[in-house]
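Trainee: Mind looking over this structure? Questions follow.
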């Protein structure tokens, strides 16, 4: 029997990345991008993908240079104790806000679409508790769960495409460039935060088998995620048309309801709902785990695992604050998390890389 070294392999890390990033087409992110990009909403993720490549490559270069250090340790090593704390804790609060908003969106979707008579607070608590137990199993448990779930989730998405094929209308894609080239380029830059998790995942670098496994899994995961997000935004447009798609808060679940297996079997949405629930729960577990690492290191704690439970509770409490989905989740997610935090994820890795290269060059010259 092979003894585990406590690290995840390339396949497991790839599954984590895809579930974490690609599942965004099932939440409010899709609604926000549809409202911004209109008929060209599917092009925005492609532009955002191109934008995030440079900071992503800078992150890979930093990880390769600092070897066994994670992204937070690299921040402290380059920026120093005090500035490093500001940068690291800023990332923590961005993740905390995003997780709280995502948890509320998840609960609203379940309550609105499937269980309207059940309080939203119940689903928030349930999601937080289940995600905590998954996160508490450690990254190995998360990785194994992700690697088992991803093939099932992928098959369910393929089945969904096949079962909704009859509703596709290519004419809904025009005008092809939506709001125009300039607007698309600008919004593609701003919404590059869609793929910011690929930077955040550098926190988990020491838990991956080796640098090569990390690099391969992250590159492939980012490409697959960008493809899936773009594909499903395209599908939303050609199924619902641009304007109806922008007023639907849960386009993924509305798409599920369009699926039918023959003339008699129409209620097949439960299949997709089941795998969506699993993917979302696992996504929250990953965020809880990463937040615990960031906060634990910033507070110089010997162990970060005890922080997972209080962070899950704090996230659940923050999720209860918004009075409705429009005020608390859609607006905040768009105006702050997506339109403001992009600057952090683009500049921090690049600036850190430049400082690192400058110090390396200065050291060589002094010798």
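Cβ atoms here come from the backbone N, Cα and C positions, even for glycine.
Features from TrEMBL:
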{"type": "TRANSMEM", "residues": "12-34", "note": "transmembrane segment"}
{"type": "TRANSMEM", "residues": "40-63", "note": "transmembrane segment"}
{"type": "TRANSMEM", "residues": "75-101", "note": "transmembrane segment"}
{"type": "TRANSMEM", "residues": "113-135", "note": "transmembrane segment"}
{"type": "TRANSMEM", "residues": "147-168", "note": "transmembrane segment"}
{"type": "TRANSMEM", "residues": "188-207", "note": "transmembrane segment"}
{"type": "TRANSMEM", "residues": "219-239", "note": "transmembrane segment"}
{"type": "TRANSMEM", "residues": "259-277", "note": "transmembrane segment"}
{"type": "TRANSMEM", "residues": "284-301", "note": "transmembrane segment"}
{"type": "TRANSMEM", "residues": "337-355", "note": "transmembrane segment"}
Trainee: Considering only Cβ pairs under 8 Å, which range in 12-34, 40-63, 188-207 makes the most contacts with the transmembrane segment (219-239)?
Mentor: 12-34
Trainee: Same chain only, please: residues at least 6 beyond the ends of the transmembrane segment (12-34) with a C-beta under 8 Å from a C-beta of the stretch. Say none if there are none.
Mentor: 41, 44-45, 101-102, 105-106, 109, 142-144, 146-147, 149-150, 153, 191, 194-195, 197-198, 201, 204, 208, 213-214, 216-218, 220-222, 224-225, 228-229, 232-233, 236-237, 242, 245-246, 248-252, 276, 279-280, 282-283, 286, 325, 329-330, 333-334, 338
Trainee: For the transmembrane segment (284-301), which stretch among 40-63, 75-101, 113-135, 147-168 has the most Cβ pairs under 8 A?
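Mentor: Checked against 40-63, 75-101, 113-135, 147-168; highest Cβ contact count belongs to 75-101.
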Trainee: Near the transmembrane segment (75-101), which same-chain residues lie under 8 Å Cβ to Cβ, leaving out any that are not at least 6 residues past its ends?
Mentor: 28, 66, 69, 200, 284, 287-288, 290-291, 294-295, 297-298, 311, 314-315, 318-319, 321, 328-329, 332-333, 336-337, 341, 344, 348, 352, 355-356, 359
Trainee: Below 8 angstroms Cβ to Cβ, which residues of this chain, lying six or more residues outside the transmembrane segment (40-63), approach it?
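Mentor: Hits for the transmembrane segment (40-63): 33-34, 69, 71, 74, 175-179, 184-185, 187-189, 191-196, 198-199, 202, 205, 211, 214-215, 218, 222-223, 226, 229-231, 233-234, 236-237, 242, 345-350, 352-353, 356.
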Trainee: Who are the chain neighbours of the transmembrane segment (188-207) in space, where the CB to CB distance is under 8 Å and they lie at least 6 residues beyond its ends?
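Mentor: Distant contacts of the transmembrane segment (188-207): 6-8, 13, 16-17, 20-21, 24, 29, 32-33, 36, 43-52, 55-56, 59, 62-63, 68-72, 74, 91, 95, 139, 214, 218, 221-222, 225-226, 229, 290, 293-294, 337-339, 341-342, 345-346, 348-349.
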